[in-house]
């Protein structure tokens, strides 16, 4: 491969991939590193630019070039970044569209939290009501890795628009559903579309923003998604309790918003084809179909086992044993298939196994999953606490999330702004774990007499801890993937590089693990709650009524159980509030896990855009719109 002048009078350089790399070009490239130009332009984009891909096979030259790379950063970050090639006003509009999409995806993930009662009254089938909430993360978690692979293969704009279309079709199905089965199918489609929207936004940022400002954009996207998550119960409860509208408008509201945004997607969203020279049929062959099937079976069987176990099925029932056995077999086959690359290649397998060689990437995944656990637990269980402790309506109870919302938003934005300047991410994770542990312990000790001010303070602690680490794993991970290296570098370049794999990898922890956290929290809440209330009521109240009351499906608080004797009812309310407190031990565990991950990380500074001689930046302006 030879370096050539882009134009006789231009300081930019063009990298011609069609020619062979020569020793003279190696010397020329080393000269660029010693005295780099302001901008280097490449005719085709690459998601990551590890230098070892563009050096000759000669060992001495390769080592010499890599030594130059290691000078500029503690973490061997890529020396180049893909900058956007559109005007500022156009980028602002595009980013606003991405933020709105992230908000809608977050909104739909939790919009049913306070609408389950009216939905149950309309559709019936109490035994399936838990799936209204679980179906969304089931769909997203099952398909995140596949969608991430597709973003590294297919046109990014087409992928994003298809995800938005699937998302809106799912909402239309939910709004028009006449049975619980139709509702569940629609929710699964919403989850799949939402995962594509999230990954699309992150991929757009990776293609059109420089590394140094990317944390700010990631923080704003995180705020948009988190705002949707937290406002979901408020908006869903408002529609569900509005006689003139009803719960169906919780889903229909997305359709006019999508109609307004469609011209924006069609006219302004830029195109980026990571593999322009490969046909559609060749691209489809790169997908790890067997890995995808095994991932889906393992994911679905796990969520079914956790969701149904102890509530619809006893843990010792044949159904529970069969589901958990199926999960074990499918998960084992998944591990074997990915490890040995059966019917796939090391660069195309659906899970980036080579990331597991990096201690930091493994710890980032675990810590991100822990932060998501600490986020979704208050979102779902603070409103329940107020419904039982104070008899608040679903909408009024959801408004008590505002203090945690404010803390979460402020901290996530501050962390995004400070990360490029501070750089020492280990300290951020350790400090975040302290807030999460403290907030979780305090919330677990809340009683029916605890004041609102105290509960707000406790929830703020959790919001601060989660906000500190909610989005930064993407930026830290981007600086690490170049040093991990794929088993087959050439193939990895052709399949979109590790950048898309990293985005999907972290997104599995962030979005996919939300379903696991909610399933575990629901299992604790239902099983302990039924046990405690049975001790209070004895045989006077059927178990079915207790389960409906615990889910807020019988009106406000304990609903139809209010006529019971006052002392007994007080004991029942105390028992339910104590059960909600037990759920917050999940937040404590998440904080402990985050602390362990933080302590296990290296004490190093992540440099998102390395500085070179004369304080000049080695940047690349890709012609990304193809």
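Each residue, glycine too, has its Cβ placed from N, Cα and C.
Keep in mind that TrEMBL annotations are predicted by a computer and have not been checked by a curator.
Per TrEMBL, the stretch carrying the note transmembrane segment among 217-239, 539-561 is 217-239. The stretch that TrEMBL tags with transmembrane segment, taken from the ranges 67-87, 361-381, is 361-381. Segment annotation: TrEMBL labels transmembrane segment over residues 160-178 (candidates 46-64, 160-178). Summarised as a single figure, the pLDDT of the domain 'Major facilitator superfamily (MFS) profile' (94-626) averages 83.
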